[in-house]
Amino acid sequence: MENVEARYVDLDKLRNIGIMAHIDAGKTTTTERILYYTGRKHFLGDVDEGNTTTDWMPQEKERGITIQSAATTCFWKGYRINIIDTPGHVDFTAEVERALRVLDGAIAVFDATAGVEPQSETVWRQADKYNVPRIAFMNKMDKVGADFYMAVETLVTKLKANPIPVQMPIGSEKDFQGVIDLIKMKAIYWVSEDGSVYEERDIPEELREEAEMRREEMLEKVAELDEEILEKYLEGEEISEEEIKRILRKATIENRAVPVLCGAAKANKGIQPLLDAVIDYLPSPLDLPPVKGWRVSDGEIVYRKPDENEPFTALVFKVQVDPYIGKLVYFRVYSGRLEKGSYVYNSTKGQRERISRIVFMHADKREEVDYVRPGDIAAGVGLKVSQTGDTLCDEKEPVILEKIDFPEPVISLAIEPATKADEEKLVKALLALSEEDPTLQVRVDKETGETIISGMGELHLEIVVDRLKREFGVNVRVGQPQVAYRETIKRPAEAEGKYIRQTGGRGQYGHVILRIEPIPEEEGKNFEFIDKTVGGVIPKEFMPAIEAGIKEAMMSGPLAGYPVVRVRAVVLDGSYHEVDSSEMAFKIAASMAFKEAMKKAQPVLLEPIMKLEITTPEEYMGNIISDLNSRRAKIESLETRGHLKIVVAKIPLSETFGYATVLRSLSQGRASYIMQFSHYQEVPEKIAEKIIKVV
């Protein structure tokens, strides 16, 4: 175990990285091996055995997929590396989004037999959104069908990246033995069974020619990144190892290049050079621009540098409920210093909190520390109100960092306790789970009294139900999955709402004239409120009540009671009574006017459309496509990847329930698919009639 002081390395020796990948590219195994070789693990975890460190929730151990991003810290050659494990399954994109917000760099892991797969495209685009510098690791080089250069080429064709291989594999499939370092021009072989002993040797004669050609290709790409080096290169001068690394590092941090390495994590080959590459090419907190925030007092933009003397600023990126110490709030420190036992200000909530303990996490073990500094990723105990996306800062100089956006849920399930004893436990458990996961929404249906949970996909909700049983001991019954339909309007309409009550004593008086109009989808807004009244016909202090009345009415549309979206509400006119007018009266009048206007505005039903990507052997493609056509799907593209076909389609969510079973029988279990939300679109009239009838 390192001594405490070693933990606080200089900032330039700190790396905050994520490991991102398609669901089966071997990300968890890669993380495991990193922890093993950096000395934090004493046995080799194997996902198939279910004893890995970062996959520590029982569901993950069973399913072999990573759901919760656990933050882990380890050391390599005097550098400290904080790793945030991100899930590769599409139902968990919220976890990926929040992990990417707080990372400085990432390792993108690919399966060398497939290269870029559909989910890796999604994660890559999310990383682009946050400008995260990346290096790529072509894993599974020992698998049948592994082809390093084909896999590298997919980075260009599918991701428009600029990959620069800095290694070349020695053999592939069962003959994969090691790698050639094209910068040092040395061959690296792994000698011991567990891969902890490796040695550099001269490049074997039979590979020398190819290695020189590959080095030349690398140098050419490196030279294109820097004017000075380009001149040297064109004049045939020697370019040193240091220069190559310096240029590659700069270009990686600026997102102009992606160094590519290869290996086979499960066979314990290729991990140590990957760790060296994390240090060589990925940024420390000092290499990145200061974090941007908004001053609470006046909304001015301020920047916080990664410096202990700056005011404290941190972003909460995860909340977990730990069975032993309660609520753990994970945060990334951008500036300043925070001691345990001190007060911190949550500027998002406008509340002051005391952080009683600070812990560094090693997957599911934890070590307590006295303070945190810039660049640290830690978890705090004692923060009651803090949630994902909140800013924690110095009370004297409060700022707000930009919030993390999460997508709206698209699928719902009714859920009820199996017995009376489960009733109270269910409420508590759902509260804890929705606090951890911002894409899980919980509500009670006013009419039926049922508890409804909503999320990002079937798997997402299955796992929630599973966790209720295992972690919280709550037995539940669940209904059929329901689509989260929405309602909107196709044309503007006006209406008036008048609420007048005259009973003994003070009456009630509210009067509102409204226009509602559709908001085009591309504006990306679900609601906008505009006050166009003039001459004080309605005093300004009633406007918030009018807006609240409209929002309440929007929760249940006129067609089938689904939430209303993409509507702009404009208050045109109205009147008030000096004595009888109240917020309550205006809220009711606005709600009446809105409901009336909705009826005239040609309301329509919207349904979630999913992007579906199916990977299948060619012989099943005909059956799969004709089945898709029967499900109202639109085929967008057909691609060939090796001996497999990739079908990309847009399909209504309502047509996909139980699709896993259907696809299994259509392809004898050989096809796989991933699905994610794309957009909302109008439901065809005949189908809308059926949905409305059921309601």
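Each residue, glycine too, has its Cβ placed from N, Cα and C.
Swiss-Prot annotations:
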- 21-28, 85-89, 139-142: GTP binding site (BINDING)
- 12-286: domain 'tr-type G' (DOMAIN)
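Everything Swiss-Prot records as a feature, shown here on the structure.
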residue : record           : Cβ within 10 Å
Ala21   : GTP binding site : 27
Asp24   : GTP binding site : 17
Lys27   : GTP binding site : 29
Thr86   : GTP binding site : 27
Met141  : GTP binding site : 29
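Looking at the domain 'tr-type G' (12-286) alone, the prediction's average pLDDT is 85.
For the recorded site, Thr86 (GTP binding site), the DSSP three-state label reads coil. Secondary structure at Ala21 (GTP binding site), as computed by DSSP, is strand.
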